Amino acid sequence: MRTLSVVLTVCLLIGVNCDEHTHIYEDNEEVVLWMNTVGPYHNRQETYAYFSLPFCAGTKETISHYHETLSEALQGVELEFSGLEIEFKADISTTPYCEIQLTEEKQKAFTYAVKNHYWYQMYLDDLPVWGIVGEMEEGDGTPSYYIWTHKKFDIGYNTKQIVDVNLTSENKVKLTVGAKIPFTYEVNWKKSNVKFEDRFDKYLDPNFFQHRIHWFSIFNSFMMVIFLVGLVSMILMRTLRKDYARYSKDEELDDMERDLGDEYGWKQVHGDVFRPASHSMLFSAMVGAGYQVTVVVLSVIIFAILGELYTERGSMLSTAIFVYAATSPVNGYFGGSLYARMGGKIWIRQMLLSAFMLPALVCGTAFFINFIAIYYHASRAIPFGTMVAVTCICIFVILPLTLVGTVLGRNLAGQPDFPCRINAVPRPIPEKKWFMEPAVIVVLGGVLPFGSIFIEMYFIFTSFWAYKIYYVYGFMLLVFIILMIVTVCVTIVCTYFLLNAEDYRMYGLFQTAFYFGYMALFSLALGVMCGTVGYIGTSVFVRKIYSTVKID
């Protein structure tokens, strides 16, 4: 893998334009065509380097610049110079650029690619371009395989910027062992009225992202929010008011009458509800990670709305990595303070668990998938240098920032502030109906948050796995806000039911591996985020109700 380029600085020093960096060209200035990947059209996760097929490159061996980011390496972007000489606004008639001698091995490779409908991807000024390797024809019961040998580029420009690129594949040649196959290209420049900021519109799929469906989904979710908010308000305003009145009446009784009375409900577990979790270190680490993931998701969505990150290759992942590293103090602060309030003493171990829990799971899954990708020689294989770079980010950026947040959290918010003191002996939990068991309530409580986001998840996952460009981040922000509200309301209702039942406990091969591995990571991150939001709402609710009544 090539290392990260510092060409931008060099270009500034020698006083020339950096084209792909600035997207501004002068007449006859070099325009670079990058070859990226090749793979079967019907299985877009299976990609290989373009020159893994026996294609030949152009005659030009050196270029004036190169760049590849960390996110591009993680996404399997394999940019290799095409060798074709293209200059801004300079038409090129049909020109041969290389020739291959079709040996039996090369013929088998191309035949396999054509049979499996291989296509390839290129980039010109960060605009993606796709082409098909060849086609198959049936004749006399025996299929014949052909390869396209001529690439015709029609490039649109507006003033000094490239706004459109189209590729036409022409001149098919039959794949025959021993044949010499010349490859040619042609470049035609055309003036266009498309604005530079609108040049990605042609790659969007408005028919897929039907806005009516989005609005219908949001309307349904909004009605669900109204229902849940009304339910929570009823619990807080009516049911709890009756509970307060009943408990106030009980306080007027003497000790003998109180002991003989039929006491029940959430007040009876006031001495146990704030008891530390059985695995306080893991619990606090997950809560801290949930705070961080929530901030990261919200920040990336806002950046995507303001900056249109989908127009820059790899910018979405780069932004997510930067925001995650920069928000590490959030993880340390909330996780460390919660662990201190629970009486935890091994705070360094807790800090390490908070800092490395999610990165270890993500990197572990990615590296496992990476070994499979290496076995298949796929472009998804992450280079060793990229692995080292990710490890360095975790050790030298995330860990120190998490340490800073942990120290601040322990000192500023680490003192217990529970409205009730904790009993020395845990209260036995009475028997209850099967539908009041925590496991049942957890499962049923997850239905409504899932129902509020599943339509948007369909669009997101389809965009990710079908390689469509997701661009409706405004809808995503609305769905995110609805998800937060629904999660808080559901956890408050579920917590009230559990406390009323006097239960104070709180619970919180290549393509297959690639799909299930990353889907598991997404589910884990979503679960941690929603669990933390639910914990926040529950904490506020429980503190409020127990601080309102008089506890002996």
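Every residue, even glycine, has its Cβ placed from backbone N, Cα and C.
Automatic prediction, not curation, is the source of TrEMBL annotations.
Lifted from TrEMBL, the feature list:
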- 1-18: signal peptide (SIGNAL)
- 215-237: transmembrane segment (TRANSMEM)
- 282-307: transmembrane segment (TRANSMEM)
- 319-340: transmembrane segment (TRANSMEM)
- 352-376: transmembrane segment (TRANSMEM)
- 382-408: transmembrane segment (TRANSMEM)
- 439-461: transmembrane segment (TRANSMEM)
- 473-501: transmembrane segment (TRANSMEM)
- 513-536: transmembrane segment (TRANSMEM)
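Tertiary proximity for the transmembrane segment (439-461) is limited to same-chain residues at least six positions away from its ends with a CB under 8 Å from its CB atoms, namely 208-209, 213-214, 217, 221, 224-225, 228, 470, 472, 475-476, 479, 482-483, 486-487, 490-491, 493-494, 497-498, 507, 519, 530. The stretch from 215-237, 282-307, 319-340, 473-501 with the most CB pairs below 8 A to the transmembrane segment (352-376) is 282-307. Using the rule of three or more Cβ pairs under 8 Å, pairs at least 6 apart in sequence, the transmembrane segment (215-237) is not in contact with the transmembrane segment (382-408).
With pairs at least 6 apart in sequence, the transmembrane segment (473-501) and the transmembrane segment (282-307) have 3 or more Cβ pairs within the 8 Å limit; the two touch.
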